[in-house]
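Lifted from Swiss-Prot, the feature list:
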- 1-33: topological domain 'Cytoplasmic' (TOPO_DOM)
- Thr14: phosphothreonine (MOD_RES)
- 34-54: transmembrane segment (TRANSMEM)
- 55-232: topological domain 'Extracellular' (TOPO_DOM)
- Asn187: N-linked glycosylation site (CARBOHYD)
- Asn200: N-linked glycosylation site (CARBOHYD)
- 233-253: transmembrane segment (TRANSMEM)
- 257-277: transmembrane segment (TRANSMEM)
- 278-315: topological domain 'Extracellular' (TOPO_DOM)
- 316-336: transmembrane segment (TRANSMEM)
- 337-364: topological domain 'Cytoplasmic' (TOPO_DOM)
- 365-385: transmembrane segment (TRANSMEM)
- 386-440: topological domain 'Extracellular' (TOPO_DOM)
- Asn417: N-linked glycosylation site (CARBOHYD)
- 441-461: transmembrane segment (TRANSMEM)
- 462-504: topological domain 'Cytoplasmic' (TOPO_DOM)
- 505-525: transmembrane segment (TRANSMEM)
- 526-563: topological domain 'Extracellular' (TOPO_DOM)
- 564-584: transmembrane segment (TRANSMEM)
- 585-599: topological domain 'Cytoplasmic' (TOPO_DOM)
- 600-620: transmembrane segment (TRANSMEM)
- 621-638: topological domain 'Extracellular' (TOPO_DOM)
- 639-659: transmembrane segment (TRANSMEM)
- 660-711: topological domain 'Cytoplasmic' (TOPO_DOM)
Amino acid sequence: MGDERPHYYGKHGTPQKYDPTFKGPIYNRGCTDVICCVFLLVAIVGYVAVGIIAWTHGDPRKVIYPTDSRGEFCGQEGTKNENKPYLFYFNIVKCASPLVLLEFQCPTPQICVEKCPNRYLTYLNARSSRDFEYYKQFCVPGFKNNKGVAEVLRDGDCPAVLIPSKPLVRRCFPAIHAYKGVLMVGNETTYEDGHGARKNITDLVEGAKKANGVLEARQLAMRIFEDYTVSWYWIIIGLVIAMAMSLLFIILLRFLAGIMVWVMIIMVILVLGYGIFHCYMEYSRLRGEAGSDVSLVDLGFQTDFRVYLHLRQTWLAFMIILSILEVIIILLLIFLRKRILIAIALIKEASRAVGYVMCTMLYPLVTFFLLCLCIAYWASTAVFLSTSNEAVYKIFDDGLCPFTAKTCNPETFPSSNESRQCPNARCQFAFYGGESGYHRALLGLQIFNAFMFFWLANFVLALGQVTLAGAFASYYWALRKPDDLPAFPLFSAFGRALRYHTGSLAFGALILAIVQIIRVILEYLDQRLKAAENKFAKCLMTCLKCCFWCLEKFIKFLNRNAYIMIAIYGTNFCTSARNAFFLLMRNIIRVAVLDKVTDFLFLLGKLLIVGSVGILAFFFFTHRIRIVQDTAPPLNYYWVPILTVIVGSYLIAHGFFSVYGMCVDTLFLCFCEDLERNDGSQERPYFMSPELRDILLKGSAEEGKRAEAEE
């Protein structure tokens, strides 16, 4: 083994040599990767310019309000349609046309109305003044009864027939319902089309389906939004509970690291065990109930997730998943029991480091605030870009007009050649688009918007990692702790990172952002190719997605350790990444023993907090806690606040545990350097604590013997 060490070190770089002047993070350093810093500043200026252009041309009202045939918004304050919030279709049957799928607009006149029609009435039968006044509100604005019936219907001034309707996503759709298996509107199974003929209700269904198909996602979003409006208060309470649990756990970990780790392990096993028991009880309870034996495949996708909870197969699937997870965790604990003891020692040392630099626990709030700014700017820019198209008008005709679907100008159309050749044609609003250079560049601007979001978000995360690494490295390389600790180590590390290493952070974030935007493009292409039958293309796409996923994980790992070296030595990104990689390769056994085991333990801690808060949220929002069952709000989908609480709890727990994770990684890298620089003698003493030295060196020796035995 001894003969192989020179070759091994030569292969993976040269070990650090003893330097009596080295006392931790170097203070006399220079700026690194200045070119990348300039690129970042130029990109930010360009990003601001894109935002200004988007905000100038964009109009979010196009998403919020429906638009009539003249491109005017329904229900918008300050307009003539302020009191007309609903969109009315003259002939809903025309919405069964393929044009709906191509242009997202029905080929029939549409107007804004105060309320949807609530009774049957044809234009032919609206003879009395009372009926005509009612009918007139569904005609085009400014309609005057100075034409014959045939001319009115030909010119599209009024609908041929009014059908009882109800509003759905601010649009009037026929009030269709089933009675004893028969489709009806009101009390009728057929309707008069206004031209003297009677048609079947199924024609209305087809038209409503096509129009409604474009709006189903928006309807789901509206219901989810309604759930948020009535449950946001309780969601915040759930997130506060998650924050309190995370903070309490971290505080206890500071003083009772060993005990808390074992308590965490046992609690995770118990929580999963309870989940298995609860799934089994629900599975048994549904035995014999009507409809509970329907399979998930036969049921298909349902937006109301409560339907799935009435199926035995759902609870069986949950029980199997939790059982597999329980078995995996127990097996890992059995095989990693000795390594867990070593990892606990490292966590104890990390707890002491956090205790001496307590302000590091508040830094995730800074990262959270900066990430919120990035998300808010990206989201608002994306919305304004997507709504910066102009109103496009198309020619619609019921007959065989050769100009159908061609672009037109509503102001000049009545006197145009197209109008003369196709007397029944109409020039009406079709969709939002445009053919200018700006409109052709919208897709590229959206990609740039997404890319800049990834770059800035990764930069914010990198800034946090370098800052925390600098603070914890100052703790490790203090020979007499805490006497040799510098004043305000966190603020000093933050200042050094921004002053000297903005370019290096931008470089690392840029590499990661490029990989992430490629993954987004691959996901987009994969969605477009789903309908294709080319198996080679599908296989190639799957392989590319897998490769770039692995590449992203590797770059994140390398960047994290490179940032630690930047915080300590102040070298540029490439040098830091190379030195960190070689240092890890020279200590590959310790990396496998410690780094991943501590990550596993922290993951269990996150699962414990998320599982506990998630179970509490489930029982609360499903009205299963008797004391407060009347307090829980009524919801369309109770999974909306539950999932929000679960995801939010994980992000909160991850924010707190990320401090510990960065601390462990920094201490581990410093420990590896300490072993190479020093030998534990009085002339070259170790900087690590005696407790950490004893258990880490002992564990490393055991792993080395095991590796030699395997060879």
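Here the Cβ of each residue, glycine as well, is placed from N, Cα and C on the backbone.
The model shown is predicted, which means the values in this text are computed figures rather than measured ones.
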Quick check: do the transmembrane segment (600-620) and the transmembrane segment (639-659) share at least 3 Cβ pairs under 8 Å, counting only pairs 6+ apart in sequence?
yes
Suppose you look only at the topological domain 'Extracellular' (386-440); what would the mean pLDDT be?
76
Composition by DSSP (helix, strand, coil) of residues within the topological domain 'Extracellular' (526-563):
33 helix, 0 strand, 5 coil
Under 8 Å Cβ-Cβ from Asn417 (N-linked glycosylation site), six or more apart in the same chain: what's there?
none
How does the topological domain 'Cytoplasmic' (462-504) divide up by DSSP, counting helix, then strand, then coil residues?
30 helix, 0 strand, 13 coil
What stretch, picked from 34-54, 316-336, 441-461, 505-525, has the most CB pairs under 8 A with the transmembrane segment (365-385)?
441-461
Can you count helix, strand and coil residues in the topological domain 'Extracellular' (386-440) using DSSP?
13 helix, 16 strand, 26 coil
Long-range Cβ neighbours of the transmembrane segment (316-336) (under 8 Å; 6 or more residues past either end):
265, 268-269, 272-273, 275-276, 279-280, 283, 296, 597, 600, 604
Surrounding residues of the topological domain 'Cytoplasmic' (337-364) on its own chain - C-beta under 8 Å, 6+ positions past either end:
247, 250, 253-255, 257-258, 261, 464, 467-468, 471-472, 474-476, 481-482, 485, 489-490, 593-594, 597-598, 601, 655-656, 658-660, 663-664, 667-668, 688-689, 691-692, 695-696, 699, 702
Do any residues of this chain, six or more beyond the ends of the topological domain 'Extracellular' (526-563), have a C-beta under 8 angstroms from a C-beta of it, and if so which?
462, 465-466, 469, 505, 508, 511-512, 515-516, 518-519, 573, 576-577, 580-581, 583-584, 662, 665, 669
Please work out the helix, strand and coil residue numbers for the topological domain 'Cytoplasmic' (337-364) from the DSSP assignment.
27 helix, 0 strand, 1 coil
